[in-house]
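Q: In case it's useful when we look at the structure, here is the feature table from TrEMBL:
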{"type": "DOMAIN", "residues": "1-145", "note": "domain 'Lon N-terminal'"}
{"type": "BINDING", "residues": "298, 299, 300, 301, 302, 303, 304, 305", "note": "ATP binding site"}
{"type": "REGION", "residues": "507-534", "note": "region 'Disordered'"}
{"type": "DOMAIN", "residues": "574-760", "note": "domain 'Lon proteolytic'"}
{"type": "ACT_SITE", "residues": "666", "note": "active site"}
{"type": "ACT_SITE", "residues": "709", "note": "active site"}
Ligand code: ADP
């Protein structure tokens, strides 16, 4: 019925992987239970305080007797504490406490540090009378002292270093009921720590790191294992040992071999390959890598990541990809401080640990998709990583010592530079990787994607044949993208379907099957006459020799991939006035965009739909104003024949696709053309697309992304593209065959745009009419 009142000071622990808590309490006093008031959910009782009362100490015993007992106790206590290592701060503090605390508090305190069974400790707590307490504690002290003496005797021959470890944790060994398992565990653990120390000393870490590690291991040795910090410190030291401080691979640098390797791995992308080779050549001549950090910018699936991988292969370096998309915490880059529970190093240091060398190629994927949050700006943390002047002393918060990143080759990729913070952009050299033309895609498919897919599906070229016309069909009717990822997926789908056929074919004798595709005479029309293998629709034919390749023709394609997803809808969409085709640039490449306008009775309001940004809305207002001010010149009227176009008329402009946010000034010319068509009632040519910013006075200003836009127009099968005259220089970047297929109209003012957009031009009313008065 005796208990101890205490104050909970700290609760440490977690529920994972299993519940494990450590409770730190400060004892206040003993009490006696007078009456239990309630048991659930926790016991509540009426209690009476038993000790720490003035009269309590004086009451029972005469001063002298207690004085003698306490003197004796004090002597033993001092003897015990002095046997411990005084250089440990906790021991020194204890020594001071012995002198400063009132004697009657000492039995409780010393019992708490003596390693005895819980039962014995409870007995001391139960002992209410001070005299009893002293009497019970003294034998414990004596036992502990004897045990220590014995231990020191046996450990004498050992090194000084070890003594300290033993001294601070001597209790287990002298426990009167020693637990063997516990002892072994401790021994093992001790060995581990010694091993760790040895590893630290032999590792090639920097001087600064070594100093920190040795300090930490010293602390570790003195730490009880149950402390949460023990595991933390140990993990830290293990990471420090594992890091490749001085381990690197030797660069294989031969520019000719690099060129061949890059050409073998990637078709087209000449500009990118040229720049990469320049970069490698400089490295070959000058061994010091303080070059720029390359950043490949382009739509998805154009091979940015895979070029990065090729560079690592050419150099004979390890490759590691760090996906930065959605990272919004700077500790992701730079690690957490070690004070947090569950803290870990950032991705850079983790990556180095994974690759195990200090000169890998790090691909920072999707730098444009870094987020920002309350936890700080990861882009700012990247600044230090990417700056060749600073990154030799990169300090991860977790490591807390500098790690030299100057040997790491960083390559970044992004879809757009618009969302990369300017400071980060400044550290990198941007290399644009535009989308591919249809011809390039066909080549890439046949040289790289199809062989790769065949291999992945366990097929051989003897089992499947995909002619170029089919690839073109897939490109134009089943995909609409700047890169080749979707094309790759479609080819994968075809290979899967063929794999089923081939696998079924192997059991043909036992179970003939019928293909679902009907006969189709025209299915063979694409196939060259000389080598005409059977189409997939005929694979069920038992007469066929089994090694005949399965030919993927249009019918097979429809069967496997379903009906075409994209039809050339251009001419249908342009069958009424008030529609024009604009060219838009998106991070996914160029795209064509139908701008639609309609008018209705109203009060002269302009409605814009399609999730437009402010700049685009302003373009629409500019276009209307320009048309209104030029209505007479072009003979444009509203429904009631008035030259004031908005008189009793509302205009609605829509930009599909409605779910995608759009912004930018480049739709200006398209809006003007679309509205001119609406008010004049004439159709815009169905094969012309346009882009360009407009001014209030009718000038056409240059815009960006011309190459991607032109490729999009080409993909969509358009024939004519109207671009601002000042963008003429951008056409040089476009492949010759694309340029040959298209006619380019260079426009410097809106008159030229309208003239080119309408069949037979867009007549301006002759100015001569104004002079019809005669004197
Ligand atoms: P990105 O990083 O630009 O989004 P990836 O590098 O992941 O694209 O490329 C997607 C796939 O397309 C890869 O399998 C890659 O091999 C292939 N690929 C892209 N461009 C080419 C090319 N020019 N030559 C060969 N394969 C290519």
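In case you wondered, yes, glycine gets a Cβ from its N, Cα and C as well.
Just so you know, TrEMBL annotations are computer predictions that nobody has curated.
Not measured: the values here are computed from a predicted model.
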Q: Near the ATP site, what residues other than 298, 299, 300, 301, 302, 303, 304, 305 in the same chain have a C-beta no further than 8 Å from the centroid of the listed C-beta atoms?
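A: Surrounding the site, in chain order, are 296, 413, 433, 482, 483, 485.
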Q: Taking a cut-off of under 6 Å between Cβ and any atom of ligand 1, tell me which of the binding-site residues 299, 301, 303, 304, 305 pass.
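A: Among 299, 301, 303, 304, 305, near ligand 1: 301, 303, 304, 305.
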Q: Specify the nearest of the binding-site residues 298, 300, 301, 302, 303 to residue 709 (active site), where nearness means the distance between Cα atoms.
A: 298
Q: How many other Cβ atoms are found within 10 Å of the Cβ atom of residue 304 (ATP binding site), counting all protein chains shown?
A: 26
Q: As a test of the contact definition, list every same-chain residue at least 6 positions from residue 300 (ATP binding site) whose Cβ is closer than 8 Å to its Cβ.
A: 415, 481, 482, 483, 485, 588
Q: What residues, ordered by sequence, lie under 8 A Cβ-to-Cβ from residue 302 (ATP binding site) and sit at least six positions away in the same chain?
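A: Counting only residues 6 or more apart in sequence, the Cβ neighbours of residue 302 (ATP binding site) under 8 Å are 269, 433, 434, 435, 436, 482, 483, 484.
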Q: Please work out the number of neighbouring Cβ atoms within 10 Å of the Cβ of residue 709 (active site), leaving out its own Cβ.
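A: Other Cβ atoms within 10 Å of residue 709 (active site): 28.
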Q: Roughly how many Å lie between the Cα atoms of residue 666 (active site) and residue 299 (ATP binding site), rounded to a whole value?
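A: Rounded to a whole number, the Cα-Cα distance is 19 Å.
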Q: Which one is it: of the binding-site residues 298, 301, which Cβ has the fewest other Cβ atoms within 10 Å in this structure?
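A: Counting other Cβ atoms within 10 Å of each of the binding-site residues 298, 301 gives the minimum at 301.
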Q: Using a 10 Å cut-off, grab the number of neighbouring Cβ atoms around the Cβ of residue 299 (ATP binding site), all chains included.
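A: The answer is 24.
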